[in-house]
Amino acid sequence: MLILRGAPALSAFRHSKLLEQLSQKVPAVSGLYAEFAHFAEVTGVLTGDEQQVLARLLKYGPSVPVQEPTGRLFLVLPRFGTISPWSSKASDIARNCGLSKIQRLERGIAFYVAGQFSETEAQQIADVLHDRMTQIVLANLEQAAGLFSHAEPKPLTAIDILGGGRAALEKANVELGLALAEDEIDYLVNAFNGLKRNPHDIELMMFAQANSEHCRHKIFNASWDIDGESQEKSLFGMIKNTYQMHSEGVLSAYKDNASVIVGNVAGRFFPDPETRQYGAVQEPVHILMKVETHNHPTAIAPFPGASTGSGGEIRDEGATGRGAKPKAGLTGFTVSNLQIPGFEQPWEVPYGKPERIVNALDIMIEGPLGGAAFNNEFGRPALTGYFRTFEQSITTPHGDEVRGYHKPIMLAGGMGNIREEHVKKGEIVVGSKLVVLGGPAMLIGLGGGAASSMATGTSSADLDFASVQRENPEMERRCQEVIDRCWQLGDKNPISFIHDVGAGGLSNAFPELVNDGDRGGRFELRNIPNDEPGMAPHEIWSNESQERYVLAVGPADFERFKAICERERCPFAVVGEATAEPQLTVTDSHFGNNPVDMPLEVLLGKAPRMHRSVVREAELGDDFDPSNLDIGESIERVLHHPAVASKSFLITIGDRTITGLVARDQMVGPWQVPVADVAVTATSFDVYTGEAMAMGERTPLALLDAPASGRMAIGETITNIAASRINKLSDIKLSANWMSAAGHPGEDARLYDTVKAVGMELCPELGITIPVGKDSMSMATRWNDNGEDKTVTSPMSLIVTGFAPVADIRQTLTPELRMDKGTTDLILIDLGRGQNRMGASILAQVHGKLGKQAPDVDDAEDLKAFFAVIQGLNADGHLLAYHDRSDGGLLTSVMEMAFAGHCGLSLNLDSVAESSAEIAAILFNEELGAVIQVRQDATPDILAQFSAAGLGDCVSVIGQPINNGQINITFNGDTVFEGQRRLLQRQWAETSYQIQRLRDNADCAEQEFDALLEEDNPGLSVKLSYDVNQDIAAPYIKKGIRPQVAVLREQGVNGQVEMAAAFDRAGFNAIDVHMSDILAGRVDLNEFKGLVACGGFSYGDVLGAGEGWAKSALFNSRARDAFQGFFERNDSFTLGVCNGCQMMSNLHELIPGSEFWPHFVRNRSEQFEARVAMVQVQESNSIFLQGMAGSRMPIAIAHGEGHAEFESEEALLEADLSGCVAMRFVDNHGKVTEAYPANPNGSPRGITGLTSRDGRVTIMMPHPERVFRAVQNSWRSEDWNEDAPWMRMFRNARVWVN
């Protein structure tokens, strides 16, 4: 084993944060130093050259001075017997660099902690420094040799029920954490007595996972008695009723990993499977919809819990039909009170929590980062979501109880696209290869299906922790590339059947796969790729290692499938084959036995149906009279409540422009304020049709009226999605996610009544279907606090997500008030018809109350009329701005509109209030509704249209936007409230700032928060030195000559399709080239005029962002010669964007005239930054930027490591004077800046793009390829037609070639 010291592992900011955390736990800690430690398992002595290559490989990241360590060593390493994702990628890179003697590289962190502390304190320090699920802590470097020792497999265990009867199974139930019900234990005892043998632990574990509440949805399929009366339908039956009543537009419901609905026809853009040339195929582009929850893991370990939640939902989409493509994501969180230190709110009453779960604040710091990190690295934009906190003591017929979300809701959802011929699963022919695609088995997430089906606190802490999985998104990206290559083959798609691997691991996925295909299966346990050879059979079969899919591939298609996997470097293994008889057999060649041998019907067959007998219980509520509240103080409290406050801290960490198909993200207008009602994507690059998704949830209402909370969730989904241009209401399809504390007094009946209200009444009345959903039935947390039993139970919670095809993405409405459209009016549409019910409103909550009467959808006809009128007005161009009314009421709606429009408001309540006692209720009630901005001369006609639709009593003109930055509210000539917009916006942004300050670099958070005080910020703007609507490449395109450009990707790159689309539109033939093609000699770069290295996360940023990719080119002789030859040709051009920019900067020794280029390292904010930034094009030789110098315009940025680090101040100065700086960040006033967030990564002198001296090679961190169409921009100028300013860059390259 070789030991190689690495660079310091912590930035100054992370170092001081960790030191503070350690000294809080152990006050004796006085100092800390941390550096990476690398370990290499080698098969022979390395030569001098090989040692040099290895040393260069392991020098990565920012240049931080190395110290001589002092203090006690805590060496944190991956758990012995496991291979970390870092190791498998770094070892791949080493092999690609020709280091054949390196068996394996592994990395740890050596923490040196100074101070005098006891062994107990040392243990506390170790607990802070490592993740006990995947890591261990050692005391010296030599002990790391254990990383490379190979454990012997553990044997199978039989449970003696033939001898020990039922008692033996009861004991195993507890020891293995199986969560089997009494009737299931009886069922298994009978089944194995019938088979005349004892079950093995692997069979019981498999049965428990496959039949857990999590997988089988027993409550939703149960029969019911309520108050002694038998109910006709199951919960699932009532949901299916929506489909039975209105199935049009639904292509797949209830039977696959996601639902499929009809989409628009467009030119689907992808590479031809034979020629690898990108092009558009005109066909129906159908829409996948899916929303999952990952509540239990997120409570225990928020980052991996939320990350694997997103990963699992992405796999559900990819594994729909015969393979599909995820497109855009959403995330939601509901937690208990945050209690931010130093920012505690008056309504937050501390109640405590159990040790085993994380507090609400830490869930909201770590969980969103996990979800965003997975989506970012996979390459899926996160475009909408919600965030709510709720925790309150309420009065019930049994006394007071605390209701809240100690067990959080973590929602991960999204939409994708699928080809028409792949919607239905294919046939599994006998003899089909049964394949596992993706990562290896590891001992993580064991028993997750069963664990998430229990109330938090009823299983042991170790079992809880063991049930959380760990993530490797770059592996999932590789799997998706394989799936993409397969569906792109059309009728030659080798995948006949596919499922994702989720709860229960392969023990659930493989039986489900063969059973759904009406087959049996014979499997060999030792064929499963395994990074933890010491596992017992049940651990190999049931672990929930992530990023895996199971597939059936026909024998004739297998070689083609294998070639695809090898090109994409995606691991796969043939684990078994399909059999005609429905028997499940798992053999074990190591021990020479059959761990599983049972009929499928024993596993998946007639396990007993659950019956629930429950009673209804009254909701008591409490008295809440808002009429005497101080309006100013109420506004501040409401604006601080997380459900109302800015969600900026959740949004800027998530890439929102990847794919180049995003037409509407959360950030609105020139000031990029996070208030959008709906997310919208384009169907493809050649059309204006698209897809929309929006959410609705009003969970606290369920404590007063559960059915009302369900109806309001659907109502809010409709008022949100109405901002997009949808042809008819019935085009909207819903996902329903149900959360309940089953068994808690009254909750089962509330769940039943709400499902009935939604499934049997409201949805059929609206003509809307719910083709997909999920349930989580154990939403309670129990613990003992110094002898006192405590429980926190969630309200019955329905989260609704709406999806729909969009007729015109250019007509999406936003809340941004327009001050450039003359005199305008604000009109309130109040679907509550003046009832102003205040129950469970944010205003009630921030005063510690619940109220009595919940808002509700009283008449489905009103909602239908509202939707139709809004769509008509939008189609006719009458609506300048639109925002729904929701949490925080009318006041929040209009303030958010003013924040987005950077303007003031003059509101007059005379038309809606009869007395001053009603004012608070009018401003803060959360009845359904919306506010629209219209031109004043059109107001009478618009009011008449509402009247004609039967909504005349619902509409009132309530005021106008004004230019002076003041928000004034009057009634009967008296001022009710006045305040400055910028100060109110700071109140609204403060909760987000407080969390950002704790999570990221506090200096950056403060700069962004203080920037809100700037009254004269002009926002995003455009100043061009050329005509955006002129196509300078048109003459060359007309000649029909299309030069070839190589669109280069490495494993983990995810931005290649939109890059190809931009070059294709500029008149190039874009060709898909994988690094594996170059390393294998399948592709010759001499055939190309251009080469473009795309964005993403090559090798998951292992060995530095873009550095592993670059080094596999530098240190592989074939690749090095290919790249060097290409760069030296005078007729070639090269572009590197984002990850491609980082990669190219590390190839500068091969690129003539690039000696000034910097190295790109971690952003100054220490965070992934996804924003729209202003840049200025500099005077340079870049062939891409000719004729653009001096232009200032917005561009998409999305990166974690974009800070340009030069070797010295002198090198920076030299680069600056060389004429090689091509692009700089500027602020909204047009000045070059280093200030955050205008300069999102803190690069010196705003440098974010450079070129070689002759201009043939250009690198940049921002993403022009995502914003070349006008509709791709989060904010766009009305002067742009089809093209955005960045299209010129690609056309410049086309002109240069000629």
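Each residue, glycine too, has its Cβ placed from N, Cα and C.
For the Mg(2+) site, Swiss-Prot records GLU716, ASN720, ASP884, and the single candidate of ASP665, ASP677, ASP753 listed with them is ASP677. When secondary structure is read from DSSP and collapsed to three states, ALA676 (ATP binding site) falls in the coil class. Neighbour counts of Cβ atoms within 10 Å were compared for the recorded positions ASP884, GLU1265, and the top value is held by GLU1265.
According to DSSP, THR384 (ATP binding site) sits within a strand segment. Residues 131, 133, 252, 256-258, 260, 288, 290-294, 358, 362-363, 365-371, 373-375, 378, 380-383, 410, 412-419, 422-426, 445, 465, 468-471, 473, 476, 479-480, 483-484, 486-487, 493, 495-502, 546-547, 549, 659, 661-662, 679, 681, 691, 693 of the same chain lie 6 or more positions beyond the ends of the region 'Disordered' (301-328) yet place their CB under 8 Å from a CB of it.
Reported as a whole number, the C-alpha separation between ASP677 (Mg(2+) binding site) and GLU1265 (active site) equals 26 Å. The Mg(2+) site is set by ASP677, GLU716, ASN720, ASP884; from the centre of their CB atoms, other residues of the chain with a CB within 8 Å are VAL678, ALA694, GLY696, THR717, ILE718, THR719, ILE721, ALA722, ALA723, HIS883, SER886, ALA930. Within 10 Å of ALA676 (ATP binding site), counting CA to CA, the recorded positions GLU716, ASN720, GLU1265 contribute ASN720. For THR384 (ATP binding site) paired with HIS1263 (active site), the C-alpha to C-alpha distance reads 21 Å. Over the domain 'Glutamine amidotransferase type-1' (1045-1298) the predicted model carries a mean pLDDT of 98. Here the CA atom of CYS1138 (active site, nucleophile) lies 23 Å from the CA atom of GLY311 (ATP binding site). The least crowded of the binding-site residues THR308, THR384, judged by other CB atoms within 10 A of its own CB, is THR384.
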